[in-house]
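S.K.: Here it is, the structure, as structure tokens.
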Amino acid sequence: MYAWPASEVPALPGRGRDLRIHDTATGGPLTLDPGPVARIYVCGITPYDATHMGHAATYNAFDLVQRVWLDTKRQVHYVQNVTDIDDPLLERAVANGDDWTALAERETTLFREDMTALRMLPPRHYIGAVEAIPGIVPLVERLRDAGAAYELEGDIYFSVESDPSFGGVSGLDAEAMRLLSAERGGDPDRPGKKNPLDPMLWLAARPGEPSWDGGSLGRGRPGWHIECVAIALDHLGMGFDVQGGGSDLAFPHHEMGASHAQVLTGERPFAKAYVHAGMVALDGEKMSKSKGNLVFVSALRRDGVDPAAIRLALLAHHYREDWEWTDGVLQEAQERLARWRAAVSRPDGPPADALLDEIRTALANDLDAPSALAAVDRWASAQASEGGTDEGAPGLVSRAVDALLGVAL
């Protein structure tokens, strides 16, 4: 599977600061020191109802991670998956009278277009779950053969008790895990499971559903968590720098994935930091495909909204914050974009070296984009009220906003 084209990242003078970011597993800040090549895995979409504002907010957060790393003169090895086979996708295809493969391809194409418009830097590897199946099957077989997985009516389950550190990512107690498992794709009430929390590794073929050759597992398709594990291990290996996604992925998805990988390899951690973006609401409820309360990037673009304004609307909220999308949020972003563009269109202005430092400092501090935006606002206000004589300032501001915030002025 291919990703989307990369937008150019302008060069900036000097070097950015190392990123200090909130780690879900420890519950506190962690200063990342990735070495010359930073490694990040971000869980991708299930390709139906793409791209809603919750998606966009999540990928915006991890785009900032990439930009901060690039500003420290590091290379970034970014991997993202596409969950192009899953129960919700199949259910939507049936409900729409659509072919599931056509639905997945159409929505993935739309997602790429939205990411391009929003100037999200693409992953180096963009991998669909279906194309990863040949690498998934041997991992499930290894877990089964090691006694870390078991069969139940043809399905293969992972035993969470095989990982002594299970629970270390989310920090939840067993009852909270059970409730979230039921809400988020698990089957804690299925009779015969060794532990209600045990997740599916391999779903045996069902009549009328797609299936693939699973070797000694029989025909079927993979469970959700093992898909990301297989892709991450193949392209990044153990101990990569950041595992990212929305906060609703901390459990069960990232918890289970960490256990799968750690039992498979005998090493830990799977990722050095688990980083989660907040949820975006509409009319007081979390934006979700199941509820249908969605605002789509593509719909806003069709209505003539500048993608740069959409991105500024996302940046106005700290990535870990839960917030609500409103018309007012978008209007404020559009007005900010107009002020910034007017400010950088002038031939000179107030010196901007300090502004570049402020943006870098804000983003290095747990991706504090709102503080970065406030710094640019102050420069733009000074430009509007007093002006300046630094001929290089408008260009530096424009390049800094593009390189570090992903907004083209």
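Including glycine, each Cβ sits where the backbone N, Cα and C put it.
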S.K.: Going by Swiss-Prot, CYS43, CYS228 bind Zn(2+); tell me which of HIS77, HIS253, HIS276 is listed for that site too.
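M.R.: For Zn(2+), Swiss-Prot names CYS43, CYS228; of HIS77, HIS253, HIS276, the listed one is HIS253.
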S.K.: Could you check which of 96-100, 266-270, 286-290 is flagged in Swiss-Prot as motif ''KMSKS' region'?
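M.R.: Motif ''KMSKS' region', as annotated by Swiss-Prot, spans 286-290.
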S.K.: Between ILE45 (L-cysteinyl-5'-AMP binding site) and CYS228 (Zn(2+) binding site), what is the CA-CA distance rounded to a whole number of Å?
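M.R.: Just about 12 Å between their Cα atoms.
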S.K.: Which residue counts does DSSP yield for the motif ''HIGH' region' (45-55) in the helix, strand and coil classes, in that order?
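M.R.: Split by secondary structure, the motif ''HIGH' region' (45-55) comes out as 3 helix, 1 strand, 7 coil.
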S.K.: Round to a whole number and give the Cα-to-Cα distance in Å for the pair HIS253 (Zn(2+) binding site) and TRP224 (L-cysteinyl-5'-AMP binding site).
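M.R.: About 8 Å separate the Cα atoms of these two residues.
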S.K.: If you run the three-state DSSP split on VAL280 (L-cysteinyl-5'-AMP binding site), which class comes out?
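M.R.: DSSP assigns VAL280 (L-cysteinyl-5'-AMP binding site) to strand.
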S.K.: Per DSSP, how many helix, strand and coil residues does the motif ''ERGGDP' region' (183-188) have?
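M.R.: Split by secondary structure, the motif ''ERGGDP' region' (183-188) comes out as 1 helix, 0 strand, 5 coil.
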